[in-house]
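Contents: one structure, followed by commentary.
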Amino acid sequence: MSLHITSATEGQLQVHFTTKQKQYAVPDVPYSIRANVGCSELNTLLGTVLKDAGNKQGAKVAFDFLLNGEFVRSTLSQHLKERDISFEDTIELEYVERYPAPQPQDCLLHDDWVSAVQAKDGWILTGTYDNTVNLWNTKGKHKLTIPGHVAAVKGVAWISLNEQTGVFASASHDQTIMIWEWNMTTNTAECVHVCKGHERGVGCIAVNPAKTQMASGSMDTMLKIWSTELQADKGEPSATKKAKLEQDNVRTPVVTLAGHREFVSGVQWIDNTTIATCSWDHTIKLWDLSMGGIKTEFTGNKSFFDLSYSPLNGMIITASPDKNLRLYDPRSKHGNFVKNTYLGHSQWVQTCRWSTTNEYLFVSGAYDNRVKLWDYRSPKAPIFELIGHEDKVLACDWSNPKYILSGGSDNAVRVFKSRIAVDNTKDD
């Protein structure tokens, strides 16, 4: 199947197939193929090569193909022309097992809009516009409704979980964050701390990797850091005041960081001393807690509604009202922080979350009632669209690798089972 190419005008290309998934490797020889082939024809060819090599299992697998780190979503000739790549060059095509489609598993109905959701192990936390926090298991059973807030719950975050007890936090437009302790034996939840200090509604919270602190963003433009310890408070000074606050179970912030000019709409921990925030003021800021200030700042053209950081690849994905998601690399040294733009939604993109186990994948939810699953190597189109919501998608989560969750103004949490493709890309 190795041929000499005499002219690019013949519509032929010379390609090498390569993969990091060793169980699907083929001989490293050049193949002469038509330039106008797409993924379907490439799969047929690769299946034949695998079968001829005695890999009957591999011959049944569907693959996606990458050229220079980007998925091929058209014919090879069109892909090359759009990127001004010479037809005379030998093309190296990397192939990876196609990620299997997530399957709809459940619909968890609430009494009002679902504006926050996060899973941990077999449990799902939700926050709603009827001021409550709800607990579900991943089998779809509702376990507990927790009243306490006096305005919409806009953020939920697990702090710890064992066989007897769960500890989690909820953030609300009532300007407070509540830390809850859930007794699984009695199926009751007690508010052990009320975190007060924001002067307007709290829109987002996140817990650090060590589970010792949490960060919150608010309409008051402030970023605040709180202790998650259930014992002694480590709040701001004033011994008399502090004693009274502790007596009332009220917690004050460890640190308050000013810098944003509008609503702090998203917060994520990079590590235990670095926090990323986004805001309606068109900026993303990286904060260094050890020095108590801003380390890096990126400015965009639109407001940011949400962001998600991946420790697997070191990059940040953002959601914005211009229907786009953007990929940022905060490690960039030359000021070009935006690595790619993803257009696939038809209305405001409200929420986004990285996979916790696959460095390439993330999900997004938007006002077009759609949840989309993306591979960051495929900027022109999502790899799957997860259909089910009948109104705006307000929150999404992929904390548990098995489940993609989304909450919306249709009062529902949609649960999709995420089937994991075989991945042997890492060396033993």
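From the backbone N, Cα and C atoms, a Cβ is placed for every residue, glycine too.
As given in Swiss-Prot:
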- 13-97: region 'Ubiquitin-like (UBL) domain' (REGION)
- 109-146: repeat 'WD 1' (REPEAT)
- 148-190: repeat 'WD 2' (REPEAT)
- 197-236: repeat 'WD 3' (REPEAT)
- 259-297: repeat 'WD 4' (REPEAT)
- 299-338: repeat 'WD 5' (REPEAT)
- 344-384: repeat 'WD 6' (REPEAT)
- 388-426: repeat 'WD 7' (REPEAT)
Check the repeat 'WD 1' (109-146) against each of 197-236, 259-297, 344-384, 388-426 and return whichever range has the most CB pairs under 8 Å.
388-426
DSSP helix, strand and coil counts for the repeat 'WD 5' (299-338)?
0 helix, 15 strand, 25 coil
Secondary structure composition of the repeat 'WD 1' (109-146) [DSSP: H/G/I, E/B, coil]
0 helix, 24 strand, 14 coil
